[in-house]
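Working notes, structure below.
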Amino acid sequence: MNLSGRSRGISVFKSASVAGTLSCALILGCAVFSSCLFGIYTRPVDFLATVWPANAVMLGLMLRMPRAAGPIGWIAGSAAFLAADFLAGATVFKAVILASANLIGIAGTYFVISRFSRDAIELRTPESTLGLVLAVAVGSLLAGGVGAVANPILFGGTALGGLTFWFVTEFANYVAILPVILTASALPRWRRPDRFEILHYAAPVLALILACAIAVAIGGAGALALPVPALLWGALVYPRFVTALLTLAFSFWTLLALSAGYLPNTVDASNEQALISIRLGVSLIALAPIMLASVMSRQAELLERLRHLAAHDPLSGLFNRRAFRSEAEMRLKAVRREEKPVALLMLDIDHFKSINDSHGHAAGDAVISIVAERAAAFLRPTDVIGRIGGEEFAILLPHCTRSEALAVAERIRRAIADEPVPAYPDGALDITISVGLAAAGSTNADLDAMLLEADGALYAAKKLGRNRAETSGSA
């Protein structure tokens with residue numbers, strides 16, 4: 001045994017793991033520091049920030065990057081909080097108290113939410129929004145407890161005022177920011193939308209902008225509710241991540257507009273309790289679109305699953321007969337439009353009935369599954385394959401001549417014949433298939449006619465001894 005080589009391999013693995021952990025911690029520290037500066041430089045003078053994204057950013061990154069949730073990540077986050085406060089001119093005592101409040105709240109929320117399932121963390125279910133509220137409430141309450149102690153010392157306020165302000169501010173920021181981080185995913189491949197799609201996707205955003213403009217124009221207590229229909233509309237149209245971005249924009253706009261006095265006659269800016277009530281109300285308003293988006297996301301997943309079940313054979317995983325015909329007809333339309341050749345293969349497992357009779361239906365099911373897998377391995381993404389009968393398969397090959405299709409048929413036939421199929425409990429079985437081929441030009445590519453010709457060629461292959469591919473006459 002080469003112990004030195006094994007030791008080097010372990011050392012390299014550990015080095016890579018440490019490097020990955022350090023990278024995650026560095027990303028977390030930089031993100032938290034930047035978020036702190038944003039909150040510090042947008043807050044009222046000599047008071048706490050109304051918009052404080054740093055805690056939600058740190059928590060979200062720890063949930064999305066588990067490596068950042070280790071001791072090094074916590075150290076990086078703590079250093080970022082302290083560095084930002086020092087840069088803003090805070091004393092050591094004040095910076096330590098404020099950082100402690102932030103870290104205690106983050107730790108409490110992380111303790112609760114990290115016990116959720118991955119689907120719940122990513123807000124994929126309607127119930128997950130309620131779980132998020134519970135976790136955020138726990139963390140906000142812990143931060144509020146520190147605020148009850150810190151407010152009289154640092155700002156000359158009351159303990160109850162510190163508890164209330166800290167709790168509501170933490171809660172509002174978590175609810176606004178955390179869903180964006182938790183639902184973020186890779187962008188889908190870009191395709192140019194048509195004008196109706198542009199209108200469909202742009203309308204909720206335009207409606208939200210219009211509602212916010214009307215709210216500024218008319219003011220009053222009801223102004224905060226004007227954007228709600230647009231937010232719910234967006235939840236019906238957009239995925240969870242985009243909906244979360246919309247609610248974040250609404251929450252930040254509302255909080256900043258209230259602080260700057262852009263919403264006239266909404267609330268008395270000198271009434272701290274009224275401001276706290278408004279902030280809590282805004283955060284609860286933001287929950288509704290996110291919950292609706294989660295419902296729509298789950299519904300879309302269920303519908304997609306039902307469509308897949310309705311279109312696919314459960315044993316082979318291929319298109320069933322109805323779905324094969326539908327997909328093949330669409331491909332044939334493209335073939336006729338592009339004036340390209342097309343071919344169709346009919347595959348039949350030889351002596352399949354005797355396999356079921358001699359080895360049982362479990363062995364027959366295994367044979368069907370493996371034949372489907374091996375046949376599909378030789379196909380292009382544009383080809384269409386389906387199981388159209390008990391042991392019969394059909395393959396449409398667009399942009400494929402007769403000779404090219406015959407070569408594909410031979411490759412599939414050899415792949416199945418050359419390697420026995422494992423079929424418990426009787427060991428491996430030697431399986432062969434017969435193939436019938438029909439080819440057509442762009443002008444006479446008709447699915448029913450090609451299926452009929454390929455079926456005739458398949459019958460000829462069976463008659464000539466099986467385990468072979470035969471072509472039909474000139475199509």
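For all residues, glycine too, the Cβ spot is worked out from N, Cα and C.
TrEMBL does not curate its annotations; it predicts them automatically.
Some features that TrEMBL has for this protein:
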TRANSMEM  12-41  transmembrane segment
TRANSMEM  72-90  transmembrane segment
TRANSMEM  96-117  transmembrane segment
TRANSMEM  129-153  transmembrane segment
TRANSMEM  165-187  transmembrane segment
TRANSMEM  199-221  transmembrane segment
TRANSMEM  241-263  transmembrane segment
TRANSMEM  275-296  transmembrane segment
DOMAIN    340-474  domain 'GGDEF'
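The stretch in 72-90, 96-117, 129-153, 199-221 that contributes the largest number of Cβ pairs under 8 Å to the transmembrane segment (165-187) is 129-153. Relative to the transmembrane segment (72-90), the listed stretch 12-41 leads the set 12-41, 96-117, 199-221, 241-263 in CB pairs under 8 A. Through the fold, the transmembrane segment (96-117) approaches residues 54-55, 58-59, 62-63, 69, 74, 77-78, 81-82, 85, 90, 128, 131-132, 134-136, 138-143, 145-147, 150, 153-154, 166, 170, 174 of its own chain, all at least 6 residues removed from its boundaries and within a Cβ separation under 8 Å.
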